[in-house]
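Summarising the annotation, TrEMBL assigns domain 'Glycine transporter' to 2-70, 85-158. Look at TrEMBL and you will find 56-75, 82-103, 109-131, 143-163, 169-189 tagged as transmembrane segment.
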Amino acid sequence: MAATIAFAVTGVLAVAERRVDFFSAIMLGVIAAVGGGTVRDLILDVPIFWSLDLAYIRFAVLASILTFIAMSFFARPVMFSLMVYIDGLGAAMFGIGGAYKAYELGFAWPIGPLMMGVITAIGGGLIRDVLAGRKTLLMSDEVYAMPVVIGCLVMLLTLQFSPEHGPEGLLAGTVIAFSLRAAAIFWSLRLPRWFTTQSP
């Protein structure tokens with residue numbers, strides 16, 4: 001639920017610099033909130049999570065409305081900084097949750113759960129940025145998906161080789177994924193040129 005709320009907030013903040021009406025902003029917040037999880041559940045061929053519990057939609061709408069109201073009280077640079085950190089937190093939580101769900105369903109370890117973790121983490125943000133007309137973080141040299149990969153690996157290794165410490169593994173994976181992303185944001189870290197498609 002926390003990840004859903006986090007992405008709802010980023011969905012509204014993503015259009016803070018555009019002249020977007022109230023209902024469009026709320027709709028984008030909800031789409032960002034449930035987008036990644038919806039894609040995950042469609043691939044996993046399981047009931048879509050929010051169709052089983054409409055509390056996800058309710059909280060996404062509420063978070064979007066509160067964010068829309070709060071935007072009037074903060075400067076644009078503050079909102080952008082807030083958005084990228086909240087996005088990192090939401091991606092970490094969604095990524096770990098997606099990988100764990102795939103692991104529980106018996107997807108081939110470790111690639112299956114790892115891929116589902118990344119897809120879940122970036123799905124909502126990718127849809128949000130496309131609809132908002134923004135350059136997606138995935139299509140840049142920012143350290144964005146890599147923290148999720150590392151966090152998911154920590155969790156999956158814990159579940160596989162020390163299942164009795166599963167809850168600790170989930171927490172550690174989430175903390176590591178968010179901490180790495182937050183560090184990349186704070187210090188403006190970028191992937192080295194040789195690790196990108198950019199020519200030397």
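Positions of Cβ are set from backbone N, Cα and C atoms, glycine also.
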Task: Six or more residues out from either end of the transmembrane segment (143-163), which same-chain residues have a Cβ under 8 Å from its Cβ atoms?
output: 88, 91-92, 95-96, 99-100, 103, 109-110, 113-114, 117-118, 121-122, 137, 169-170, 172-181, 184, 189-191
Task: For the domain 'Glycine transporter' (2-70), give the DSSP counts of helix residues, strand residues and coil residues.
output: 55 helix, 0 strand, 14 coil
Statement: Other same-chain positions with a Cβ less than 8 Å from the transmembrane segment (169-189) and lying at least 6 residues past its termini are 84-85, 88-89, 91-93, 95-96, 99-100, 142-144, 146-148, 150-159, 162
- prompt: Would you list the DSSP helix, strand and coil counts for the residues of the domain 'Glycine transporter' (85-158)?
  reply: 59 helix, 1 strand, 14 coil
Task: Over the domain 'Glycine transporter' (85-158), work out the mean pLDDT and round it to an integer.
output: 93
